[in-house]
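For H53, H55, H110, D127, the entry in Swiss-Prot reads Zn(2+) 1 binding site. Sequence annotations record features per position, and here Swiss-Prot assigns Zn(2+) 2 binding site to D57, H58, D127, H165.
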Amino acid sequence: MNLNSIPAFQDNYIWVLTNDEGRCVIVDPGEAAPVLKAIAEHKWMPEAIFLTHHHHDHVGGVKELLQHFPQMTVYGPAETQDKGATHLVGDGDTIRVLGEKFTLFATPGHTLGHVFYFSHPYLFCGDTLFSGGCGRLFEGTPSQMYQSLMKINSLPDDTLICCAHEYTLANIKFALSILPHDSFINEYYRKVKELRVKKQMTLPVILKNERKINLFLRTENIDLINEINKETILQQPEARFAWLRSKKDTF
């Protein structure tokens, strides 16, 4: 399997997974034009679309792509049914695409019906997890989002996290505002800054490394707990997550 990314809008990535024959699955096509261009250039043969949630920048290109490739199966949670999904999927479902098995996990938080798709090592997590951060809580609760992130955190170390947005630099700046002396975060900041100066993408990322720099995956970390305790004593990791998310919302 080969992983490809297509830039879209200002900071979106549309992921395309292809096999050796050129058959492919397209993840969260927010717009059709760049996808159609890439398909023509690479002579890909689209078989399916994966949708993680209903937001327009993830589903806006579905109907046009179906006009060009009506044979495609469009998988998505119930909230995407009116966005072009032809096969509804949910927590615990498994589907076989390109000869590979993908497992679905419900990840409410960013939206209530959000899901991610996992076929080792590939994780297509939509707007649940970003490198150095996580999605805003437009519909769900902090508790829901925390539990969703813990599902990701329980995956194998070598999981390849395919986030949907290039938010890494801003997220790491936030992390440094909380833990300015953290060696892992500082090293990652230098690396990410250099990549972005060159206009190179910072994704995908490996989960083992992400655990070191993403505060939202480090709510049990003693340094972070000590920093939060300077402002308020929070005993539960979910409460510490909510504190972090609130700080990020106003950063």
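Along the chain as shown, the residues are counted starting at 1.
In case you wondered, yes, glycine gets a Cβ from its N, Cα and C as well.
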For this session: Report the residues of the chain - excluding D57, H58, D127, H165 - with C-beta within 8 Å of the mean position of the site's C-beta atoms, for the recorded Zn(2+) 2 site, in sequence order.
Result: N12, D28, G30, H53, H55, G126, A164
Exercise. Hey, how far is H55 (Zn(2+) 1 binding site) from H165 (Zn(2+) 2 binding site), Cα to Cα, in Å?
Worked result: 13
Exercise. Can you tell me how far the Cα of H165 (Zn(2+) 2 binding site) sits from the Cα of H110 (Zn(2+) 1 binding site), in Å?
Worked result: 14
Problem set entry | Per-residue Cβ crowding (10 Å cut-off), top of binding-site residues D57, D127 | D127
Problem set entry | Same chain, 6+ residues apart, C-beta under 8 Å of the C-beta of H58 (Zn(2+) 2 binding site), given in sequence order | N12, D28, P29, G30, L51, T52, G126, D127, A164
Seminar exercise, completed: Sequence-ordered list of residues in the chain of H53 (Zn(2+) 1 binding site) that lie 6 or more positions away and have a Cβ within less than 8 Å of its Cβ, or none, is P77, E79, T80, H110, T111, G113, H114, V115, G126, D127
Problem set entry | 8 Å Cβ shell about H53, H55, H110, D127 centroid, Zn(2+) 1 site members excluded | T52, H54, H58, T111, H114, G126, T128, G135, F138, A164
Problem set entry | Number of other Cβ atoms within 10 Å of the Cβ of H55 (Zn(2+) 1 binding site) across all protein chains | 22
For this session: Have a look at the binding-site residues (H110, H165) and report the one with the fewest Cβ neighbours inside 10 Å.
Result: H165
For this session: Provide the three-state secondary structure of H165 (Zn(2+) 2 binding site) computed with DSSP.
Result: strand
